[in-house]
Amino acid sequence: MQVHKYDVVIVGAGGAGMRAAIESGQRAHTAVLTKLYPTRSHTGAAQGGMCAALANVEEDNWEWHTFDTVKGGDYLVDQDAAEVMAKEAIDAVIDLEKMGLPFNRTPEGRIDQRRFGGHTRDHGKAPVRRSCYAADRTGHMILQTLYQNCVKHNVEFYNEYYVLDLLTVDEEATREDGTVYLQKKIAGVVSYDLATGELHIFQAKSVILATGGAGKVFKTTSNAHTLTGDGMGIAFRKGIPLEDMEFFQFHPTGLAGLGILLSEAARGEGAILRNSEGERFMERYAPTIKDLAPRDIVARSMANEVREGRGCGPNKDYVLLDLTHLEPAHIDAKLPDITEFARTYLGVEPYTEPVPVFPTAHYAMGGVPTNITTEVLQDNDTIIPGLYAAGEVACVSVHGSNRLGTNSLLDINVFGKRAGVAAAEYAKGADWVELPQNPEADTRALLDHIRTSDGGEKVAAIRKELQDTMDANMQVFRTADSLNQVLGDIAGFEERYSRITVQDKGKRFNLDLLEAVELGFLLELAKVMTVAALHRQESRGGHYREDFPDRDDENFMKHSMAYLDSGVTADSSKEHIAGIRLETKPVVVTRYQPMVRKY
Amino acid sequence: MSAVEAELPEPASKIELPVHLGGGGEIPTFDVTLRVRRYDPEFSEESKWEDFTMTMYGTDRVLDALHKVKWEQDGSLSFRRSCAHGVCGSDAMRINGRNRLACKTLLKDLDTSKPITVEPIKGLPVEKDLIVDMEPFFQSFREVMPFLVNRDHAPTKERLQSAEERARFDDTTKCILCAACTSSCPVFWTDGQYFGPAAIVNAHRFIFDSRDDAGDMRLEILNDKEGVWRCRTTFNCTEACPRGIQVTQAIAEVKQAILARQI
């Protein structure tokens, strides 16, 4: 067993992890552990841009950006966090430019900006040009630029090291009011080296989780195969809560049948949605900003058109993204990649033909709860010293119940940077936490079980059935019945999962084993999402309950906090479903009282 | 590419759609055989071909066929993949003798009457099946100083760059480091010390960036005997690039820059 010692260990090398590494690497002895080579991370698939109120092309300010973020999130956003993000957005973009990011430019040579859904001038009056971009490959440029700067600063990477456990210790502590509680402390992580199959212990004073999302719980998704919620899963198993997991964003324009993302930038540049009757149907759902309404509203409107029989194609199961009124030269300059996706994967020429699209599972608004310094919370108020999270794995919460387009690239830069600084500063003054006895025991047991189990159940079959039921029952429209269906299905999958068999018995690059471990996280997270969705008897942002179609601020304007509660049986009271205990956490409201959300 | 364009006229609220629209009818299915180069030194030092036959759809890619094998026939088949739509660069492989991304190669575009051969990319040590050791590739990348170097006092706002200056290096910013180009290069196959096309592409991206001050240092690095002069202009790299980068042209521009500097 190899034991490594670093001041700071960063788990994940996407945008948030590498932004953190650039800060931490210059301040403390830092290692980045990543399941994938850094440049394979899904930040690179982001397309449309990163919003910041630079006001390079028209009047704008960060307060409007804050308001849009809060309203876009249907008032479940923690407003102090949204304010931090909108304010620091401006420096975050300038930082990237100085690191070399090749933004598109205005005729004056400034960073160009364009429109994006839900981003408006003066509190909703009209769309505003706020998104800084590099054609429709902004995420690619961010990922490459951050990796380039990691190379520049000699950041130490452990590539294809899959972190499978957080090493935490619980110590008795006393609160100011005299109550005794168990304080969690972080000692390091356990990781599995994919190339050799060996386990490695990394002892660290600070650990930053930056593992991204969990889109693979759904079938139709824009997410990479590797986005299996590992970071959320390992935290949850250690008793750390997950916040607002019922809120999952469905991006309106996935290529029909495939889920591949077509950026909202298409609509930002003037494309519109049409149904089978040729109608620009968003005029009915969001009369002011129409096709540039936030994603939850557009996705629901599309699904509703299909449900009411106005879908296109042989099965009437998608709508059309129409770019045909745009100049081909303009499309080539601003949207080269997504038009190529339409040609490559659907054989459609976007210059002359509208592109079949349907909502695709895109982004987890929820995740590991943190404060605005990115410190992870073990309950509503208590931080875990030395443990940080940033990016999609985390819930700060800046996205509330629906994230605005471009705010994820912003989130990873603003909070990734904060995490890197905070983790390194903490490590300077902190003592090592002693590793637990046999730190790798749980991980070894997990892997041994999977390797030797011979019940004959197949990982791929269970995963497919999970994804099918999630698409059918946990997508843009939900009811108590559909959610109970999912929970019943998951109970069956969990039983079968205990009897899986992997065919690959080797140590080198055993990706069969890897997929089996990932499925364990997917099952757990799908259950948390569904239990939280069942419990939230209202409709807000990305969570729409047909049996509770209105927002209910009185009872539900609060975050949900899901805890692993293995001591509770499946049939106990409503707050304890399927081994999960649900609590709530207040929303931080500063400037903006909730209003009816219209666009 | 002006920033504040004339406002577009509002598109019509309703249009007549052509009748055929979206009506692709049934997606055709067909049988395909993948002939995959297998290697796992844990069990045998020999590599061997193995055939897998399956029924696939007209919209499926080579990656879908590989997944079908792994998920339904042989879980030990090993390959890297992530995004599955050509932006992450994980799944470069040699398909019917040509380097491509498995997730961007539609089966229907290949000759499915014969087995489709799938091998690891060449010139890098094979680890297992289609997985190669990428470390030598990334080592070359790191050696060309693939990051912006600017010695001026940093302004408080962004550095200015005209749209024309930005366009000068646009093509080489598209690189996803998949290694399809480098591992298609006959020079790289015989001389592992050669920087290879991808490293030169990434040097080009900074050499021609108006904000960068380290062009001379990179040109010095690439003027090495293992640098640009090893390029034999076979255009394999350009043909292999899944992002459509004019790789050979980028290498030629670096060569010209070295010569121009020497004068």
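A Cβ is built for glycine as well, from the same backbone N, Cα and C atoms used for every other residue.
Quantities reported herein were computed from a predicted structural model and do not represent experimental measurements.
Looking at the domain 'FAD-dependent oxidoreductase 2 FAD-binding' (A:7-409) alone, the prediction's average pLDDT is 97. TrEMBL lists A:7-409 with the feature domain 'FAD-dependent oxidoreductase 2 FAD-binding'.
The Cβ of A:A16 (FAD binding site) has 35 other Cβ atoms within 10 Å, all protein chains considered. Look at A:A16 (FAD binding site): DSSP puts it in a helix. Annotation source TrEMBL lists FAD binding site at A:12-17, A:34-49, A:D230, A:E392, A:408-409.
Its own atom aside, the Cβ of A:H42 (tele-8alpha-FAD histidine) has 25 Cβ atoms within 10 angstroms in the protein chains shown. When secondary structure is read from DSSP and collapsed to three states, A:H42 (tele-8alpha-FAD histidine) falls in the helix class. What TrEMBL lists as tele-8alpha-FAD histidine is A:H42.
If you look up TrEMBL, you'll see A:H251, A:S263, A:H362, A:R403 marked as substrate binding site. A:H251 (substrate binding site) falls within a strand when secondary structure is assigned with DSSP. Sequence-distant neighbours of A:H251 (substrate binding site) (same chain, six or more apart, CB under 8 Å from its CB) are A:S222, A:L261, A:E264, A:R295, A:A299, A:P359, A:T360, A:A361, A:H362, A:Y363, listed in sequence order.
Mapped onto three states, the DSSP output places A:R295 (active site, proton acceptor) in helix. Annotation comment: TrEMBL describes A:R295 as active site, proton acceptor.
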(message) Please give the maximum pairwise Cα distance, in Å and rounded to a whole number, for the substrate-binding set A:H251, A:S263, A:H362, A:R403.
(response) 14
(request) Go through A:S263, A:S408, the listed binding-site residues, and name the one with the sparsest Cβ surroundings, counting other Cβ atoms within 10 Å. (result) A:S408
(request) Quick one: of A:G12, A:G44, which of the binding-site residues has the smallest count of other CB atoms within 10 A? (result) A:G44
(request) Only counting partners 6 or more residues apart, tell me which same-chain residues put their Cβ under 8 Å from the Cβ of A:R403 (substrate binding site). (result) A:G72, A:G73, A:Q249, A:R295, A:Y363, A:M365
(request) Quick one: pull the CA-CA distance for A:H42 (tele-8alpha-FAD histidine) versus A:S263 (substrate binding site), whole Å only. (result) 14
(message) Given the binding-site residues A:G12, A:A16, A:R40, A:G48, A:S408, find the one whose Cα is closest in space to the Cα of A:S263 (substrate binding site).
(response) A:G48
(message) Checking interface proximity: list the recorded positions among A:L36, A:G44, A:H251, A:R295, A:H362, A:R403 whose CB sits under 8 Å from a chain B CB, in sequence order.
(response) A:L36, A:G44
